[in-house]
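K.L.:
According to Swiss-Prot, the protein carries these features:
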type	residues	note
ACT_SITE	His178	active site, proton acceptor
BINDING	Gly10, Ser11, Gly12, Phe13, Thr14, Gly15, Asp34, Asn98, Leu121, Thr122, Asn123	NAD(+) binding site
BINDING	Arg85, Arg91, Asn123, Arg154	substrate binding site
Amino acid sequence: MKRKKIAIVGSGFTGQGTALFAAARDLGDIVLVDLPARENYAKGVALDMMEAMPVYGSDTRLVGTSDYAEIAGADVVVITAGVPRKPGMSREDLVNTNAGIVKDVAEKVARYAPDSVIIVLTNPVDSMTYVALKASGFPKNRVIGQSGVLDTARFRTFLANAIGCSFQDVVGCVLGGHGDDMVPLVRYTSAGGIPVEKLLPKETIDAIVERTRKGGGEIVNLMGTSAGYAPGMALVEMIDAILNDRKRILPSIAYLEGEYGYTDMCLGVMTVLGGGGLEKVIELDLTDEEKVALDKGAQGVRNLIEMLKAGILAQ
């Protein structure tokens, strides 16, 4: 049986985390792609990880390269390449530089791995997913952004610590843009089947919601750069769902054509991920307050997309 193949563009912190977690699960062989100036680094990272596999018990083969021809036949291509956030920077500060990078990568993916599913992580990820979709020419089910799995994981972490329960018992839901305007939906969040509103006081939940929104910035302020392990694990959750056709209900950034009243934009919503990529958008019933919050985040994403449509996507 032919092994699955995963290509990861960008061998930085998040690319490494994604590769290591995917290799540990033996999801498929992995190609780490980076710039020519970083090719030896990517080769070294891949070799170091591969030498760990006999001890770990995985048969994953890894290679590092700067040659996009090496991604031929990839089932999933993850785009992590881009300029990382530094303290004081917003994701939006990165938009012009990273849009050029993502556009170039997506065009190469379309050339060398035309049947793959693209998962975008590069920030600001909602608008970068839109760039990848347009630059690749892929159908909307094969270009997905990662934000909600990570944001929900942070939400679950903070809630579980406050409740004093297992992380695994907390089921959460975060919609909207990947930034300060994301919308953690407390109504759809529970621990062991019990609504979290029955387990924690409102002020505690409100503080956790705010910490979740600032979760990425908290890591940046502590480490001086973006997170790597949690985003990598979130990506692997999505990769696994696609490669193994698991039909997982996961929050993902999807191209919307009328859902929630939004058109021609990419935004974090609940989705079904399986062998066909993003197979379905699940549209939740929202309260007026929740919809207003979602609209606020969507407008920020819309503004960036319109800027990109008038700029780099018009070239």
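Note: Cβ is positioned from N, Cα and C throughout, glycine not excepted.
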K.L.:
To the nearest whole angstrom, state the Cα distance for the pair Thr14 (NAD(+) binding site) and the residue listed as 'active site, proton acceptor'.
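P.N.:
Distance between the two Cα atoms comes out at 16 Å.
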K.L.:
Relative to the Cβ of Gly10 (NAD(+) binding site), which residues of the same chain, six or more apart in sequence, are found under 8 Å away?
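P.N.:
Expected: Val33, Asp34, Ile79, Thr80, Ala81, Gly82, Thr122.
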K.L.:
Cα of Asn123 (NAD(+) binding site) to Cα of the residue listed as 'active site, proton acceptor': how many Å, rounded?
P.N.:
9
K.L.:
How many Å separate the Cα atoms of Gly12 (NAD(+) binding site) and Arg154 (substrate binding site)?
P.N.:
21
K.L.:
So, in DSSP terms, is Asp34 (NAD(+) binding site) helix, strand, or coil?
P.N.:
coil
K.L.:
If you count Cβ atoms within 10 Å of the Cβ of Arg154 (substrate binding site), leaving out that atom itself, what do you get?
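P.N.:
So the number of other Cβ atoms within 10 Å of Arg154 (substrate binding site) is 25.
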K.L.:
What residues, ordered by sequence, lie under 8 A Cβ-to-Cβ from Leu121 (NAD(+) binding site) and sit at least six positions away in the same chain?
P.N.:
Thr14, Val78, Ile79, Thr80, Gly145, Gln146, Pro231, Leu235
K.L.:
Assuming the binding residues for NAD(+) are exactly those in the record, Gly10, Ser11, Gly12, Phe13, Thr14, Gly15, Asp34, Asn98, Leu121, Thr122, Asn123, what is the maximum CA-CA distance in angstrom, rounded?
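P.N.:
Across Gly10, Ser11, Gly12, Phe13, Thr14, Gly15, Asp34, Asn98, Leu121, Thr122, Asn123, the widest Cα separation comes out at 17 Å.
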K.L.:
For Thr14 (NAD(+) binding site), what is the secondary structure state per DSSP, taken as helix, strand or coil?
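P.N.:
DSSP call for Thr14 (NAD(+) binding site): helix.
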K.L.:
Kindly assign Arg154 (substrate binding site) to one of the three DSSP-derived states: helix, strand or coil.
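P.N.:
Arg154 (substrate binding site) sits in a helix per DSSP.
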K.L.:
Within 10 angstroms of the C-beta of Thr14 (NAD(+) binding site), what count of other C-beta atoms is obtained when all protein chains are considered?
P.N.:
28
K.L.:
Where does the residue listed as 'active site, proton acceptor' sit in the DSSP three-state scheme?
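P.N.:
SS state of the residue listed as 'active site, proton acceptor' = coil.
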